[in-house]
């Protein structure tokens, strides 16, 4: 059977090329998704300042979640400074160095020079030797990195101003160190004071005794010192750079969500292509049955062919899949979703999973497509090889209509009945349900579409009559050919217009909600005392600081406990109405003090809370926070789903700083004079305030879906060329009975019109329920934001790929003379 299958593949390599391309591209996509997931689990960057410390100890940076990925805290979880002494007493530890990192600035006449301040003990980790002078011993002394000092024109003995949060203090330069990545070194105690946590450290770097095993030492520290997390090897970078761990979690999240959708689409495309390829060989299989081949032998032949073809195509597809993953890494870093230098891991498991998934999809698709030819008697099989069976099976019709109904219910009805994120999640699933329903009901829908075109006048010309008749007779093959185009239109519409609906609603909420005349911002944040000083300026009627973070909330959904991250802001209530309007629906933001919280309507529905309810959260640094709900507001997309007292948020962020200060009042000379003492602060107008919305997630979503749509575009071209090229004998026969080449081409243009119009219409209809549901759940309106140019772009792409593929394939197929073409094998 192996030899026969290989001979068949060689003899029909042109006809099987489409199946090869489908599996090849599908494997590339699955491989890239697998590498994203694997890199989220094992990728990162190498430790830098902690490279000499075999073990790094931090606070627990994640919240364990049962049966799901652990949730990372948005802010750094610190350790008591005294914990370094406890760690130093563990056998095998030579020294335990408590370390803090504070983003600061060196004020110079030419502008602020960014740097990172550490305690002097951190120089033991480099090591960072002195190049001149001595180590700082007093709170007002500093040693500067040699490269930074030379670039800033600073020497030992000079007095410099270091600013944190736009508030500066004077320091005397007592030492110059070897170059150390633009660093400033203070006494350990003063570095902790600048961090805003005098009794806390970010991490404890452990220097081990000679010959000590790092893994064993880490386990011993974890046993002897409770409440800490140890890291060895590449995991030390997670302790050094907070954004590395967050990037890994983000990678796993998007790889999991995108990978599931992508795998389903790949399976559908591979199944459609293989199914069409095998349908076109029904005559061959019927002849095999007629010369005494058993159904089992035919199935074995198909299985062996798809195994051979699929294995080679899938294995080769893993190579461009690796390249695609690195291209995605570059783009993710450009969007800010990954830190620069984030290392991807290329292991064997993603490639192996891609090969297994694509080969399995190919084999199953082949067997399903050939099941009728192997089940009916040989004479009937020969008859069906020439003319497609007119009716669809009852089971197929039933499943198709059930999926269509489920898609509409999930997209429109459930979002009206459910609250919060459950409504949006229900709507998002309906697109795939409707696409699968269209694939199952395709022949029935295409027959109806062709009939509509006939009634509209297509049949009045010879080419139109041929196109209308052919579309009805070949409805199964046409629906298989058009399925990727329908999926492309539907998914492109859902993904693009979900982003436009969400972003437009967020921008509208921010525009309506920000009433501030001016906004103060700074590169690294603004210290809380600045807001107090601004309030004293004549002409300023309100100054409301805004600090942003993310919190974790646990809630019950469909009987399960869910834990998710939510964007949060911290504000003060004095003068709030003059600078910000959150659209309060119930309650009063005036009570937002102490252990209280305000939530958006979406969050309230998700959490199942209302005014007066109690809500349990985890603040940015993991601190448990139980608060009473004092208000429910409308504008959660623009300002975040959770609003807390400003002092609560600031006390539990890494920087201990505000992100912005919203001002009501006039831009007076007194305000300018105050800001002159804080040159790091920029004065902007209220329009520049962006609220709590972020474009990173939407940009990443668009990027990944563009990759998926590109795959569907390749699939569309591939399957339409396959369907057209297989009709070489039909075109030749039409020409032999008197049809002119232009009439045949006209017939194909008519069929292309049916395919493209049906794909655009059915794809648009399939996209409507999820878009309506998502819009209802997120904005309260049933009308999604659909930019006309974007929709026209989707239609133009469908026309270009659909018409272009069929037109080019038709011209190539008609090159042989009719007599020569009639001798061509199917």
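Cβ coordinates come from backbone N, Cα and C, glycine included.
Outside the transmembrane segment (250-276) by six or more residues, the chain places 18-19, 21-23, 26, 29-30, 33-34, 36-37, 39-41, 43, 69, 306, 337-338, 357-358, 361-362, 364-366, 368-369, 432, 435-436, 439, 477, 480-481, 483-484, 487, 491, 700-701, 704, 708, 711-712, 715, 718-719, 722-723 with a CB less than 8 A from a CB of the stretch. Taken from TrEMBL, the feature transmembrane segment applies to 250-276 (among others).
The domain 'ABC3 transporter permease C-terminal' feature in TrEMBL is assigned to 257-378 (among others).
For the transmembrane segment (306-328), the residues of the chain that approach it from at least six positions outside its boundaries are 2, 5-6, 9, 16, 19-21, 23-32, 35-36, 39, 274, 344, 346, 350-351, 354-355, 358-359, 362-363, 365-366, 703-704, 707, judged by C-beta separation under 8 angstroms. For 306-328 (among others), the entry in TrEMBL reads transmembrane segment.
The transmembrane segment annotation in TrEMBL covers 348-370 (among others).
Positions annotated as transmembrane segment by TrEMBL: 398-418 (among others).
Look at TrEMBL and you will find 430-457 (among others) tagged as transmembrane segment.
Positions annotated as transmembrane segment by TrEMBL: 478-498 (among others).
As annotated by TrEMBL, transmembrane segment applies to 702-726 (among others).
For the domain 'ABC3 transporter permease C-terminal' (705-815), DSSP puts the residue distribution at 95 helix, 0 strand, 16 coil. The domain 'ABC3 transporter permease C-terminal' feature in TrEMBL is assigned to 705-815 (among others).
Tertiary neighbourhood of the transmembrane segment (752-776): same-chain residues 407-408, 410-412, 414-416, 423-424, 426-431, 434-435, 437-438, 445-446, 449-450, 453, 467-468, 471, 478, 481-482, 485-490, 493-494, 497-498, 501-502, 720, 782-786, 794-795, 798-799, 802-803, 806-807, selected by CB-CB distance under 8 Å and a gap of 6+ residues from either end. Residues or ranges marked as transmembrane segment in TrEMBL: 752-776 (among others).
Sequence-distant contacts of the transmembrane segment (788-809) (same chain, six or more residues past either end, CB-CB distance under 8 Å): 482, 485, 488-489, 492-493, 496-497, 500, 713, 716-717, 720-721, 724-725, 745, 748-749, 751-752, 755-756, 759-760, 763. TrEMBL lists 788-809 (among others) with the feature transmembrane segment.
Sequence-remote contacts of a segment are chain residues at least 6 beyond its ends whose Cβ falls under 8 Å from one of its Cβ atoms, and for the transmembrane segment (348-370) they are 19, 23, 26-28, 30-31, 33-35, 37-38, 263, 266-267, 270-279, 285, 298-299, 302-303, 305-307, 309-311, 313-315, 317-318, 321-322. This prediction places the mean pLDDT of the domain 'ABC3 transporter permease C-terminal' (705-815) at 84.
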